[in-house]
Every structure is written in structure tokens, then in C-alpha cells.
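Heads up: the structure comes next, in C-alpha cells.
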Amino acid sequence: MATSLGSNTYNRQNWEDADFPILCQTCLGENPYIRMTKEKYGKECKICARPFTVFRWCPGVRMRFKKTEVCQTCSKLKNVCQTCLLDLEYGLPIQVRDAGLSFKDDMPKSDVNKEYYTQNMEREISNSDGTRPVGMLGKATSTSDMLLKLARTTPYYKRNRPHICSFWVKGECKRGEECPYRHEKPTDPDDPLADQNIKDRYYGINDPVADKLLKRASTMPRLDPPEDKTITTLYVGGLGDTITETDLRNHFYQFGEIRTVTVVQRQQCAFIQFATRQAAEVAAEKSFNKLIVNGRRLNVKWGRSQAARGKEKEKDGTTDSGIKLEPVPGLPGALPPPPAAEEEASANYFNLPPSGPPAVVNIALPPPPGIAPPPPPGFGPHLFHPMGPPPPFMRAPGPIHYPSQDPQRMGAHAGKHSSP
């Protein structure tokens, strides 16, 4: 590319000659005393391809040298830093900022249209005071809650660290502690954050950092209005002892007519009832997760109807003050239903198995005195004497479970061992 002022390839009247760059606090560094080099028409802008003044500096000790990447005209059009291309107000990528402000800036990308657009914007910048952005961004006056939650308010100086030493990754670095690069394990090459393009970041398309922040914003808690359209009450918790009913009225009156304000000092909460559902929805949207009264952050939720609160308490086992009750240990389970009237006579309350008549056990008694005992089996005639049922006092109560129940146990009959 020809860089002489006499060449007609580019409009040399629009070459940039600046005295100081447009930088964010992170890129500038934490050291207030820095030495910065200035190279007039050193490189061409990576967006508009026009030569501009390049600044180079070191943001701190053990940090890498940084330089400006885009011209000041492109920086002012998007209100971004000339080095990192992040928004100067929120510290966020352009794609996240545009999504939060709900607008899309369609800048031309062809060479001729881009040059014409840049010249018109430079004319608009020269007619302004230079304190506010121009173009579509200057017309966006409303702020977004998502941007306030995702905004990076403090500098992150670790972003200025040196790059990873490629020789150390291969195990060939011989500098040791004198190596100006980092000796750390590199990130996964398949990680989307490892592949970033400066043009994609400037135009707000296919930015992996912006996609990560937008996914985080989508998972943030939200306060959805209840399905019951009759609910117009908001719950405000965490009042403390310093916030009064007047303070709450002074904040919520801007959203609509307030019907009642009930402050419960014991629970340090309040219930604000609006006259219309629309006013309650606007108040909930504007106050959720960002209500601060007298230096105290308050919690805002939708109120619930009495029927819904009663059902939830019965289901969860909670008291009126919100204390969850623990189950009492050792209590029996649910009792079975009582038996019918005709089954009461035969009801088995102890779940015992049905028992039949008591078993009869034939016990061989010793012969009376003076009578010889019968011969052992096999030595005498086989005689069968039918025996009648034993008397009631000789019947066994049932099967034997313990040794002491055995009638043949030694010592069970005193007459067996007595002499005749």
C-alpha cells in the first residue's frame, strides 16, 4: 500500500494525527507514571484501513507491551477502547452492549461505503463537543438492567499479562526466570475463547466472549408476574429498623397509585398494594434486584393470595412466621381404618395366624409299682392296646419351644426316680 501524501489511492486529508490515545483503565495499567511512544501514521486501522497514529506502552511490571489497534474515529463511533475494543462505560463487548440497549448499528463493510460513512461520521464528530458518542449509540438514551448487572466496574490487570511461551510448552525454553513470556499450560485449542477476531468484536458478530456473557445473563433470576391477575401486592423484605412507611411511599409512588402500605416490623418486611395490576408489574420490573433505600438493599417479590399461602403452608409444614417444623421422632405411622360392625367379633387386632385345636402328644408313663415293664421291641408278642384320650391335665399346651417345656427332662417327675 502506498503511504505517501501525494498518492490518490486514499483520502490523505483524513489521516489521523492524535496526541493521546483513547484507552480504558485496564489497558492503561495501574502505574500512573508510564512512558509511551508515539509513531505518526505508523499503521493502518484494522477496521477502516486508514493510517493513524500508533501509541505503544507497557502497562506495568511483568506485563506485555500494548499498542493501539484502531483509529480514534472508529473508536468514537462505537465508544470503545482503541486496544481491547471493549465499551468504555460498561467494560463489555459491543455485542453485549448492543443487545442490552436493544439496537443494532448496521455499519457498512465494503470499502467505498465504509469510506463514505467514516467521512460523514467525522464531520458529525467535529460538530459535537466530543463528550458523547455519535451515530446510533448517541441516540440510545435508555439504560439496561442487564448491562448494569454485567458491567465490569473495576480494572482487570491480569489481561495485560504476557503471552504463553511456545518453547516452554515444547520443553525447549532455556531462559528460565528471565523469559519474558509466561510458563503456563495453554488453554484447550477447542475452547471458543481461544479463537477471537478483532473485526468480529468491533461489528458485534460471532464474539465468543459476548456469547458467554449473554448465556450468563439468560440464567440470571427473573421476577415473573403471577398468573392470578387479581394480585396487585408486592412483598418488600429486609427493611431493618431505619426504613419507614414514608420511605417506601416516596419510592413506589412513581409507578402508580398506591392503595395501602402495610409494614410488619416484627418480620422487617412490608406489603405494598397498588390500585392497578399494570402499576404493580412496572414496580416489580423496575425494583427487582436493584432497590436500595437509605443505603440498604431490599428484596422485592410478588405477593401471594391467602388461599395459595395456606396450601403451601400445609404442604411444607410451616408456621405463620415461616418457620419449618421438623417431624417428631418415634411416632407410629397412620393407623388402619376401623373394622366393620359385623367383623368386630372376629377381628384379629394382633395380626396372629389362625390356630387349630391343640396338638395331642402321647407321653409314655412308667408302669405302676409291682408290675413288670413290657419287653423291649422284638422280644415279645406284638400287642396293641387301644388308648383313649388322655385327661385334660395330661394334654400338652402346644409345641415345645424351650428345654424347660420338655416333660421328659430330668427332674420333671419326682416319682420317676423314687424307690418303691
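Backbone N, Cα and C atoms are what each Cβ position is placed from, and that goes for glycine too.
Summarising the annotation, Swiss-Prot assigns compositional bias 'Basic and acidic residues' to 309-318.
Taken from Swiss-Prot, the feature SUMO2 cross-link covers Lys139 (among others).
Here Swiss-Prot flags Lys149 (among others) as SUMO2 cross-link, drawing on similarity to another entry. Neighbour count (other Cβ atoms within 10 Å of the Cβ, all protein chains): 13 for Lys149 (SUMO2 cross-link).
Sequence-distant neighbours of Lys290 (SUMO2 cross-link) (same chain, 6+ residues apart, CB-CB distance under 8 A): Asp145, Leu148. Here Swiss-Prot flags Lys290 (among others) as SUMO2 cross-link, drawing on similarity to another entry.
For 232-305, the entry in Swiss-Prot reads domain 'RRM'.
Look at Swiss-Prot and you will find Ala2 tagged as N-acetylalanine.
For Ser4 (among others), the entry in Swiss-Prot reads phosphoserine.
Around Ser102 (phosphoserine), a 10 Å sphere centred on its CB holds 9 further CB atoms from the protein chains shown. According to its DSSP assignment, Ser102 (phosphoserine) is coil. Under the heading phosphoserine, Swiss-Prot lists Ser102 (among others).
Taken from Swiss-Prot, the feature N6-acetyllysine covers Lys212. DSSP assigns Lys212 (N6-acetyllysine) to a helical segment in the three-state reduction.
The region 'Disordered' annotation in Swiss-Prot covers 303-343 (among others).
Per Swiss-Prot, the feature region 'Disordered' maps to 371-420 (among others).
Annotated zinc finger per Swiss-Prot: 159-186, in sequence order. Restricting the average to the zinc finger (159-186) gives a pLDDT of 90.
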Alpha-carbon distance [Ser102 (phosphoserine); Lys212 (N6-acetyllysine)] in Å: 18
Distance from Lys149 (SUMO2 cross-link) back to Ser102 (phosphoserine), taken between C-alpha atoms, in Å: 16
